[in-house]
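*Asks:* Below are the structure tokens for one structure; questions will follow.
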């Protein structure tokens with residue numbers, strides 16, 4: 001039986017309203033601000049700590065809200081939806097992660113203690129959602145995206161615990177725990193949701209010069225602030241300093257290498273806007289696992305260049321192959337931007353550990369994990385106590401666990417998205433803002449009625 005017309009239209013506001021109401025009740029009963037751990041005479045120390053972390057926090061906010069939002073505007077008729085849904089998912093996922101992380105890690109004497117560090121780690125959980133939905137962007141409804149967020153955040157927290165706390169994986173910048181996990185979770189969602197149905201290129205998904213320019217502006221914003229994302233949870237001092245320097249070098253080398261690779265792969269030597277938009281960020285993904293290690297600067301440059309090459313080759317050869325052989329939909333190319341550079345970065349971390357001299361192990365690998373647990377302490381001491389070879393093996397094992405676990409979880413979450421009540425848009429109205437927004441130029445045109453009727457009808461269709 002067909003759903004009543006009001007069902008899909010009110011599902012999103014009702015769901016969000018219930019969630020926000022439940023969150024208000026939870027905060028009223030259980031959440032309080034964390035008390036400073038130092039005495040009053042050390043108030044300057046607290047102020048200095050805040051002044052040290054808050055600018056980095058603001059940088060990350062600009063990255064996620066502005067930079068990533070603009071990056072998704074390569075779809076010319078879906079820009080309003082892409083930016084708004086990115087903003088919606090960021091807020092929903094962060095609040096959901098605050099609740100779960102608070103109960104798991106910060107629940108003391110019946111109260112969840114909230115501070116800026118907790119908020120940062122919650123936003124890191126939200127980042128996984130923002131990356132994953134890139135695989136299905138434009139062909140999913142807002143309700144489906146919220147289901148992805150609701151499922152992915154707790155799975156991410158469980159995966160992070162297994163990798164960082166249990167296995168002792170070293171990954172200060174989230175190369176494995178965030179980028180690899182979110183990539184294969186998103187691909188699993190896409191495969192389960194769309195199955196084996198082959199979809200030709202949709203006319204509305206072809207970028208225009210204006211949409212490519214807006215997307216490139218998003219890339220530039222992400223590029224500028226990416227060192228803050230990698231370094232924000234490093235130990236202040238030398239480790240954080242190294243993370244900033246290594247990240248910049250990797251991303252700078254990646255940007256130049258992207259231009260070289262894109263030009264050489266084209267017969268006429270012209271650059272692909274999509275390559276520049278995405279390949280320039282690959283170095284930031286790969287460097288996260290080794291960013292605070294005391295390696296030579298040339299290693300960061302080399303890793304950035306290799307990750308950019310892997311990203312461009314992925315767009316040029318691997319994406320068409322996966323679409324043809326596995327019928328895999330990857331709208332934003334997250335496998336090329338996050339998956340391949342993430343795998344490269346994870347392998348680089350294993351190599352870096354193997355070649356590190358034992359007498360500098362403490363300075364190389366002292367770091368804070370995304371949940372605020374020192375990775376070496378979680379593993380029972382410095383990695384030298386378990387041996388460099390064994391720690392390198394844990395890095396590779398963590399990569400395998402992240403890929404396998406996230407892919408399986410994504411397949412299960414994608415199956416849930418096939419529920420008819422979630423109102424997936426029909427193919428003819430994908431990548432179109434008019435399905436979810438009142439667009440001004442159409443509101444003033446005589447054809448408003450037909451467009452509105454078509455949008456309402458689409459929300460009731462079965463796909």
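Counting begins at 1 with the first residue displayed.
Each residue, glycine too, has its Cβ placed from N, Cα and C.
Please treat TrEMBL annotations as automatic predictions, because they have not gone through curation.
Dumping what TrEMBL says about this protein:
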TRANSMEM  12-33  transmembrane segment
DOMAIN    23-419  domain 'Ammonium transporter AmtB-like'
TRANSMEM  53-75  transmembrane segment
TRANSMEM  87-107  transmembrane segment
TRANSMEM  119-138  transmembrane segment
TRANSMEM  145-164  transmembrane segment
TRANSMEM  176-194  transmembrane segment
TRANSMEM  214-232  transmembrane segment
TRANSMEM  244-266  transmembrane segment
TRANSMEM  278-296  transmembrane segment
TRANSMEM  302-323  transmembrane segment
TRANSMEM  335-356  transmembrane segment
TRANSMEM  392-414  transmembrane segment
*Asks:* Let me check one thing: do the transmembrane segment (119-138) and the transmembrane segment (12-33) come into contact, meaning three or more Cβ pairs under 8 Å with sequence separation of at least 6?
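*Replies:* Contact between the transmembrane segment (12-33) and the transmembrane segment (119-138): absent, because fewer than 3 Cβ pairs are under 8 Å.
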*Asks:* Would you say the transmembrane segment (244-266) and the transmembrane segment (302-323) are in contact under the rule of three or more C-beta pairs closer than 8 Å, pairs 6 or more apart in sequence?
*Replies:* yes
*Asks:* Average pLDDT across the domain 'Ammonium transporter AmtB-like' (23-419)?
*Replies:* 89
*Asks:* Using a Cβ cut-off of under 8 Å, list the residues of the same chain at least 6 residues beyond the transmembrane segment (145-164) that approach it.
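*Replies:* Beyond its ends, the transmembrane segment (145-164) has Cβ neighbours at 12, 15-16, 85, 88-89, 92-93, 96-97, 100-101, 104, 125-126, 128-129, 132-133, 136, 171, 176-177, 181-182, 185, 189, 369-371, 373, 375, 378, 398, 401-402, 405-406, 409, 412-413, 416-417, 422.
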